[in-house]
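As recorded in TrEMBL:
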DOMAIN    87-255  domain 'CP-type G'
DOMAIN    106-253  domain 'EngC GTPase'
BINDING   145, 146, 147, 148, 197, 198, 199, 200, 201, 202, 203, 204, 205  GTP binding site
BINDING   278, 283, 285, 291  Zn(2+) binding site
Ligand SMILES: Nc1nc2c(ncn2[C@@H]2O[C@H](COP(=O)(O)OP(=O)(O)OP(=O)(O)O)[C@@H](O)[C@H]2O)c(=O)[nH]1
Ligand SMILES: [Zn+2]
């Protein structure tokens with residue numbers, strides 16, 4: 001991949017990153033933005049150009065590094081010293097049920113949540129992505145593709161706008177450049193965006209439009225794994241001709257929600273507001289007397305689907321939080337056992 005040279009500002013640098021760096025930091029290294037995370041190290045861009053830098057094991061272990069991260073690179077040593085505090089971080093719950101969080105994309109300014117004006121349109125799935133974006137600290141923008149294929153795009157837009165207060169929703173024909181230009185306000189110089197959504201909704205089509213020749217997302221970066229699924233070995237971040245950045249990582253396609261209560265509450269603001277009107281403060285909205293939430297469902301003011309999706313996401317997030325706690329407890333116990341074993345061994349050797 002060849003990159004022209006970019007200034008820090010063009011790379012998305014913001015004053016708040018600098019505030020966290022001391023003079024000693026600047027003596028030790030210089031900031032660079034992570035374009036790709038490989039097993040062997042990081043591909044970064046800085047005002048010095050494109051480079052491969054080593055990722056020390058300790059850094060990879062402690063919270064990891066994601067595409068879009070800013071790292072401090074050691075002068076003359078081509079080695080990442082540390083990851084700068086992130087303004088936003090999209091992470092996923094790792095597959096395999098251990099509920100560990102894996103960083104996927106950092107320092108995003110907007111997350112395009114893509115669905116289409118057809119059968120893929122699924123309010124519950126959209127709500128899940130919206131909560132995920134808020135949890136990551138990123139502004140979600142809903143993009144409804146395939147607006148050219150039916151006449152009812154406006155209905156889909158209206159339905160999506162109901163899903164969160166103040167949500168921006170765009171209907172586009174992803175095949176048409178002029179239509180895609182509606183995304184422009186989120187793609188100003190130095191801004192970083194990414195796409196999430198189901199397979200086939202048009203994420204690649206949109207991203208390819210935005211990045212032009214810079215991104216050959218399907219070319220060469222996908223491999224088939226043993227199960228015949230597509231996996232991608234490289235993670236990438238691409239410049240648009242207008243000066244924005246598009247992050248496209250495979251992990252984005254398997255996002256599972258493990259969102260905090262507050263972020264869910266921000267998406268389901270209407271339900272939280274209704275809940276304050278329930279007769280009892282600890283109302284569970286399940287047949288409780290004087291329940292305003294259930295009353296709203298009964299008189300059609302609140303969608304039963306929306307309520308049940310809220311409950312489902314709450315359960316999932318409670319489960320994930322619990323598992324994380326259990327994990328910490330487990331490693332604490334494990335460490336205690338190891339410490340004890342070491343002590344016993346030392347005592348034996350000492351004798
Ligand atoms: N008519 C029309 N076709 C579209 C539109 N957006 C996408 N398509 C078509 O839908 C198909 C799937 O689009 P992709 O961009 O590959 O979808 P994707 O979301 O990247 O899918 P994955 O890579 O599997 O995650 C392609 O054949 C596109 O040409 C649209 O707005 N209008
Ligand atoms: Zn209630």
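All residue numbers here begin at 1 and follow the chain in the order shown.
Even glycines carry a Cβ here, placed using N, Cα and C.
Bear in mind that TrEMBL entries carry predicted annotations, made automatically and left uncurated.
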Close-lying binding-site residues around ligand 1 among 145, 278, 283, 285, 291, where CB distance stays under 6 Å: 145
Proximal residue to residue 203 (GTP binding site) among binding-site residues 278, 283, 285, 291 (C-alpha distance): 285
Shortest C-alpha distance to residue 197 (GTP binding site) - which of the binding-site residues 278, 283, 285, 291: 285
Residue 197 (GTP binding site) in three-state DSSP notation: strand
Collapsed DSSP category at residue 145 (GTP binding site): strand
Listed binding-site residues adjacent to ligand 2, that is, members of 145, 197, 203, 278, 283 whose C-beta is under 6 A away: 278, 283
The domain 'EngC GTPase' (106-253), counted residue by residue under DSSP: helix, strand, coil: 52 helix, 39 strand, 57 coil
Long-range Cβ environment of residue 285 (Zn(2+) binding site), under 8 Å and at least 6 residues apart: 275, 278, 291, 293, 294, 307
For residue 201 (GTP binding site), the number of other Cβ atoms found within 10 Å of its own Cβ: 23
